[in-house]
Amino acid sequence: MRHLMSPLDFSREELEQLMDLAEDIKNHPDSYSEKCHGKKLATCFYEPSTRTRLSFEAAMLNLGGSVLGFSSADSSSAAKGESVSDTIRVISSYADICAMRHPKEGAPLVASQRSLIPVINAGDGGHQHPTQTLTDLFTIRSLRGEIKDLTIGLCGDLKFGRTVHSLINALVRYPGIKFVLISPEELKVPEYIREDVLEKNGYEYKEVDSLDDVMGELDILYMTRVQKERFFNEEDYIRLKDFFILTPEKMKLAKENMMVLHPLPRVNEISVDVDDDPRAMYFTQAKYGVFIRMALILTLLELV
Amino acid sequence: MRHLMSPLDFSREELEQLMDLAEDIKNHPDSYSEKCHGKKLATCFYEPSTRTRLSFEAAMLNLGGSVLGFSSADSSSAAKGESVSDTIRVISSYADICAMRHPKEGAPLVASQRSLIPVINAGDGGHQHPTQTLTDLFTIRSLRGEIKDLTIGLCGDLKFGRTVHSLINALVRYPGIKFVLISPEELKVPEYIREDVLEKNGYEYKEVDSLDDVMGELDILYMTRVQKERFFNEEDYIRLKDFFILTPEKMKLAKENMMVLHPLPRVNEISVDVDDDPRAMYFTQAKYGVFIRMALILTLLELV
Amino acid sequence: MRHLMSPLDFSREELEQLMDLAEDIKNHPDSYSEKCHGKKLATCFYEPSTRTRLSFEAAMLNLGGSVLGFSSADSSSAAKGESVSDTIRVISSYADICAMRHPKEGAPLVASQRSLIPVINAGDGGHQHPTQTLTDLFTIRSLRGEIKDLTIGLCGDLKFGRTVHSLINALVRYPGIKFVLISPEELKVPEYIREDVLEKNGYEYKEVDSLDDVMGELDILYMTRVQKERFFNEEDYIRLKDFFILTPEKMKLAKENMMVLHPLPRVNEISVDVDDDPRAMYFTQAKYGVFIRMALILTLLELV
């Protein structure tokens with residue numbers, strides 16, 4: 001039995017198979033509409049995350065399966081002091097596969113060690129959110145044909161943004177990727193990402209503090225939220241945030257086939273005026289997240 | 001693609017078709033039990049409303065479809081500052097149709113403008129609650145055969161009661177309706193309802209401050225809650241509320257085929273002793289709410 | 001139409017039929033996977049109880065039915081002052097059967113009196129939790145072949161533990177059961193259990209204050225939580241709790257075919273090191289809870 005704790009749990013070959021399957025699901029959804037008939041997904045969300053939870057639920061329902069679970073810790077036995085290990089043992093009797101979101105790093109891993117059913121880490125604190133990374137990779141591959149020879153800009157909070165770290169870690173397994181890291185000084189990627197991931201693997205990167213300077217080079221622009229609470233003071237936040245807000249004006253500097261991604265939810269870092277630009281692919285990305293989760297559920301349930 | 005924001009979105013002819021369909025569903029539920037196989041309803045409830053949410057869910061399940069969603073804003077991405085426009089764009093990838101309840105007037109309308117799937121307004125603040133009005137109309141039509149030549153008493157809080165305003169607006173499209181408006185002075189219908197809706201359309205109405213005086217005239221008595229918090233002081237509330245509480249004694253004054261409706265939940269404005277009176281139709285009304293919602297889902301999904 | 005309010009609602013013969021059915025479901029789950037196709041279970045949980053709610057939901061989904069409901073009072077019409085009687089009348093139009101958990105004793109009974117569909121008491125305050133008792137009986141019967149000639153130790157908080165009282169009440173209908181009541185002085189079973197249930201029915205029992213002394217005699221050890229808040233002071237709690245914590249050392253004193261049960265969730269009263277002991281059956285018990293609930297749903301819906 002297999003779990004998914006980190007996007008790196010899959011070898012590149014396995015990842016290709018998973019994405020091939022997601023692509024086939026995307027193109028022939030009807031062929032998969034009864035594959036999980038009689039199977040149950042448990043969504044165990046110890047902290048709310050509507051988007052991720054509903055994406056998993058949509059995936060399971062699309063496969064003809066059904067869903068049970070909880071959407072916050074208040075309504076779970078956690079409030080009575082039960083460990084995740086015990087909860088997953090019981091959930092193992094209720095469902096065939098489990099997607100777990102937990103505020104504590106490592107909680108899904110602990111759960112997976114006692115589980116009798118496959119566990120998918122649906123986000124554990126600031127640590128991992130592997131199905132977001134799979135979504136990002138699949139979106140790039142599906143829209144570009146392959147993940148290769150691309151200049152990828154990552155913009156926003158690169159210091160604390162779990163999504164960005166995870167995506168960089170996943171992309172350094174593909175050839176010809178150049179990274180452009182766009183953030184205020186205070187929110188640059190951590191040293192270990194620069195040294196242990198990018199440099200150690202011999203990947204080209206540069207760090208800049210303004211979107212405008214690099215828009216023209218990018219094949220992909222991956223935007224993330226700059227959360228107010230990351231700044232020491234309100235002034236810094238106001239001074240800096242505009243450098244990292246994507247507007248139609250900035251889009252004019254970009255390549256014609258550039259594509260904009262965003263893990264969502266967005267607050268104001270992408271102007272809504274950009275939404276109608278054909279290069280704005282973040283809602284498509286949300287849609288593709290369902291396909292890759294369908295592929296993942298089928299793979300972990302060994303129904304492929 | 002079509003949404004439902006207000007009960008007046010449908011022409012009278014369309015409304016007749018919708019109610020014909022609901023009537024057929026009521027009489028032949030089994031013929032509809034697989035109509036939405038493979039379809040998904042998203043219930044996006046930014047404020048709790050168990051009754052309305054469960055009525056939608058029952059409707060979709062009765063049609064063989066499935067349901068996902070959230071039942072309060074806490075457990076949604078709204079807490080992270082996402083706009084309803086963005087949420088509905090994402091939900092469009094997860095579901096085939098959406099029922100949205102929101103505390104802010106107009107939020108479902110804003111959502112519908114960006115949505116790729118039909119959106120049903122399941123209540124927006126004090127503004128609209130169109131499926132309640134459709135339920136009311138369908139109940140009257142189904143039990144009476146047609147909506148015509150009826151004296152309809154509306155009793156309780158007619159000033160703030162969204163349900164009542166919406167129902168009056170809908171009823172002034174039918175012939176021969178006489179309105180009897182029963183409320184304390186403080187809670188009479190707003191002037192615009194009297195002038196712009198009733199008088200302008202040439203409908204007969206009278207305003208009274210006691211149920212007893214008019215019971216004998218009514219074909220339908222539509223009761224609503226008189227909420228304590230609407231009164232300036234406790235004394236007024238206590239003094240007034242009994243005039244508007246329906247009891248078995250008051251029922252003795254009513255016609256034999258009169259029928260009592262209520263949007264529910266009730267608190268104490270209808271004595272539970274009235275429940276067993278065959279003229280008490282408010283639980284039947286709740287049941288018919290499922291049929292009209294089934295008809296609505298089928299219509300908006302163009303599965304008719 | 002029949003409801004389940006107390007485990008004693010069923011005669012011994014009916015209980016045997018129910019457990020025969022659960023046993024058949026356990027052995028041939030596929031034969032039951034479409035029995036409730038088109039049927040809906042409403043889970044009306046006025047207080048959170050993830051385990052019980054998910055067990056019911058898994059049961060209904062396993063039978064091919066579907067589920068709707070609410071998982072806490074906040075998100076229900078209760079917040080608007082609606083009575084459970086009214087709620088169940090409306091739910092009767094939405095679902096075919098209802099499982100209700102309520103913090104107030106007797107609330108499910110009140111609901112059942114107005115309901116048009118079968119109501120299952122899924123726990124009402126400190127009063128009853130009949131499907132837990134059915135789970136306990138079925139687990140014993142399924143693993144032992146029959147409920148007869150057994151020495152059963154009940155350990156922990158025997159004073160306030162609803163589960164324990166209910167189980168004792170149910171077991172005094174079977175022959176040859178000896179009870180060993182293991183608890184601190186402060187948490188002994190109430191007098192009415194000793195006098196009116198055990199003595200009156202002529203059952204043998206003894207009360208001890210240490211697990212070690214009796215481990216060797218037991219065929220079944222039923223563990224329960226000793227809740228900190230039951231003690232007058234922290235010192236008493238710390239002094240006493242270890243006497244009632246099950247450890248691998250204590251397990252060495254037990255019979256080879258003894259079995260350990262626990263209603264779960266556990267906090268620390270069973271060491272996790274006991275989990276791998278083949279005599280630890282509490283997770284199996286959780287699994288069997290789904291089978292007995294499936295049997296119960298089928299029985300109350302008269303689909304047997």
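Including glycine, each Cβ sits where the backbone N, Cα and C put it.
All annotation found in TrEMBL is predicted automatically rather than curated by experts.
The carbamoyl phosphate binding site annotation in TrEMBL covers B:ARG51, B:THR52, B:ARG101, B:HIS129, B:GLN132, B:LEU264, B:PRO265. B:GLN132 (carbamoyl phosphate binding site) falls within a helical segment according to DSSP. Other C-beta atoms found within 10 angstroms of the C-beta of B:GLN132 (carbamoyl phosphate binding site) number 24, with every protein chain shown included.
Per TrEMBL, the feature L-aspartate binding site maps to B:LYS80, B:ARG162, B:ARG225. Reduced to three states, the DSSP call for B:ARG225 (L-aspartate binding site) is coil. For B:ARG225 (L-aspartate binding site), applying a Cβ distance below 8 Å and a minimum sequence separation of six or more within one chain yields B:GLY156, B:ASP157, B:GLY161, B:PRO265, B:ARG266, B:VAL267, B:GLU269.
Under the heading domain 'Aspartate/ornithine carbamoyltransferase carbamoyl-P binding', TrEMBL lists B:2-141.
Confidence in the domain 'Aspartate/ornithine carbamoyltransferase Asp/Orn-binding' (B:148-299), given as mean pLDDT, stands at 93. Taken from TrEMBL, the feature domain 'Aspartate/ornithine carbamoyltransferase Asp/Orn-binding' covers B:148-299.
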(request) Just give the helix, strand and coil counts over the domain 'Aspartate/ornithine carbamoyltransferase carbamoyl-P binding' (B:2-141), going by DSSP. (result) 74 helix, 25 strand, 41 coil
(request) Compute the C-alpha separation of B:ARG51 (carbamoyl phosphate binding site) from B:ARG162 (L-aspartate binding site), stating it in Å without decimals. (result) 16
(request) Provide the number of Cβ atoms within 10 Å of the Cβ of B:THR52 (carbamoyl phosphate binding site), excluding the reference atom itself. (result) 23
(message) Rank the binding-site residues B:ARG51, B:ARG101, B:HIS129, B:ARG162 by how many other Cβ atoms lie within 10 Å of each Cβ and give me the one with the fewest.
(response) B:ARG162
(request) List, in sequence order, the residues of the same chain other than B:ARG51, B:THR52, B:ARG101, B:HIS129, B:GLN132, B:LEU264, B:PRO265 whose Cβ lies within 8 Å of the centroid of the Cβ atoms of the recorded carbamoyl phosphate site. (result) B:SER49, B:SER55, B:GLY123, B:PRO263
(message) I need the most crowded of these binding-site residues: B:LEU264, B:PRO265. Count other C-beta atoms within 10 angstroms of each C-beta and give me the top one.
(response) B:LEU264
(request) Give the three-state DSSP assignment (helix, strand or coil) for B:PRO265 (carbamoyl phosphate binding site). (result) coil
(message) Can you tell me the CA-to-CA distance separating B:THR52 (carbamoyl phosphate binding site) and B:ARG162 (L-aspartate binding site), as a whole number of Å?
(response) 15
(message) I'd like to know which binding-site residues lie near chain C: of B:ARG51, B:HIS129, B:GLN132, B:LEU264, B:PRO265, which have a CB under 8 A from one of its CB atoms?
(response) B:ARG51, B:LEU264, B:PRO265
(request) Write down the Cα-Cα distance for B:ARG162 (L-aspartate binding site) and B:ARG101 (carbamoyl phosphate binding site), rounded and given in Å. (result) 14
(request) Using C-alpha positions only, work out which of the binding-site residues B:HIS129, B:GLN132, B:LEU264 is nearest to B:ARG162 (L-aspartate binding site). (result) B:HIS129
